[in-house]
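Novice: Found this in TrEMBL, in case it helps:
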type	residues	note
TRANSMEM	A:21-40	transmembrane segment
DOMAIN	A:24-180	domain 'Cytochrome c assembly protein'
TRANSMEM	A:60-80	transmembrane segment
TRANSMEM	A:92-111	transmembrane segment
TRANSMEM	A:123-142	transmembrane segment
TRANSMEM	A:154-177	transmembrane segment
TRANSMEM	A:197-218	transmembrane segment
Amino acid sequence: MLRYANPTLFLDLARRLIPAFAGLGALAIAVGLYLVFFVAPADYQQGETVKIMYVHVPAAWLGMACYSLMALSAVGTLVWRHPLADVSQKAAAPLGAAFTLLCLVTGSLWGKPMWGTWWVWDARLTSVLVLFLMYCGVMALWNAIEDPGRAGRAVAILTLVGSVNIPIVKFSVDWWNTLHQPASVFRMGGSTIDASMLWPLLIMAGGFTSAFVALHLAGMRNEILRRRVRTLGLLAAQREPEPAGAPALEHP
Amino acid sequence: MGASHTGFILASYLMAAAVFVGLTVRAVLEHRAQKAQLARLEQRGARRRSEAA
């Protein structure tokens, strides 16, 4: 772990891992889609509409997992000052926002035919909306502060404050009376989903996660390059001679 | 029930595809842009201290 605190070593590792995770993700999603559309049965109550579950649930899991990853990275920034921790945080935020938005939109598309409404202000839906807004806030703060080091520390504090929402999202269906159904996969007493639907769901979730890892590594690689460009740009600006006739700077 | 909800299912999968394609294209374009900018700066003689040493 500490060995890869060196960005150059990390870039070398990312170069090898990105295609592996992207390929694995594409393969798992392809197998998952085959199982979803040609093998998994329709639900006895929801009919074919249950197929929305296979994209909605992995997106929801990734939306929460990504924020947990950001919170862990925030600890890395504030406590260990790991050089790649805030790089990880910055690269994860747009991915988390995208998957949380996907969760909200597919949830709405599932809710309309099943519940008769696109949206209700119940605890699960509202806390996921708050999660999406937290991602937007984190991205806005990154863009508001120019220096990456200062921005990283400010974002880390905001991320840790926002992490209180993650258990609220997870347990909202247990703590409050919600229209959203309670947990049916990761719960005490085992999954309530039949194996014929559970396996395609887990394979799709594995594919989404693998693709997420590839995208996160690619985002981290881009952020490292962006910081190198910034550093080299500043060095180049310092070295360039002042144009003739330029007014001299006055030092107090 | 099934046939009337095809549009909802299709829209969900199209949205998921759009998210993956969008994120991938963004990552690839950003990588190309940063690499090109880095190459331009290095061509102008800019070197990091670790490389210059």
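Glycine is no exception: its Cβ is also placed from the backbone N, Cα and C atoms.
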Novice: Which one of these stretches, A:21-40, A:92-111, A:123-142, A:197-218, has the most C-beta pairs shorter than 8 Å to the transmembrane segment (A:60-80)?
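Specialist: Ranking A:21-40, A:92-111, A:123-142, A:197-218 by Cβ pairs under 8 Å to the transmembrane segment (A:60-80) puts A:92-111 first.
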Novice: Can you work out whether the transmembrane segment (A:154-177) touches the transmembrane segment (A:197-218), with the criterion being 3+ CB pairs under 8 Å where the paired residues are 6 or more apart along the chain?
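Specialist: Output no: the transmembrane segment (A:154-177) is apart from the transmembrane segment (A:197-218).
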Novice: Test of understanding: applying the rule of at least three C-beta pairs under 8 Å (pairs 6 or more apart in sequence), is the transmembrane segment (A:21-40) touching the transmembrane segment (A:92-111)?
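Specialist: Counting Cβ pairs under 8 Å, fewer than 3, so no.
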Novice: Express the predicted model's confidence over the domain 'Cytochrome c assembly protein' (A:24-180) as a mean pLDDT, rounded to an integer.
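Specialist: Result for the domain 'Cytochrome c assembly protein' (A:24-180): average pLDDT 94.
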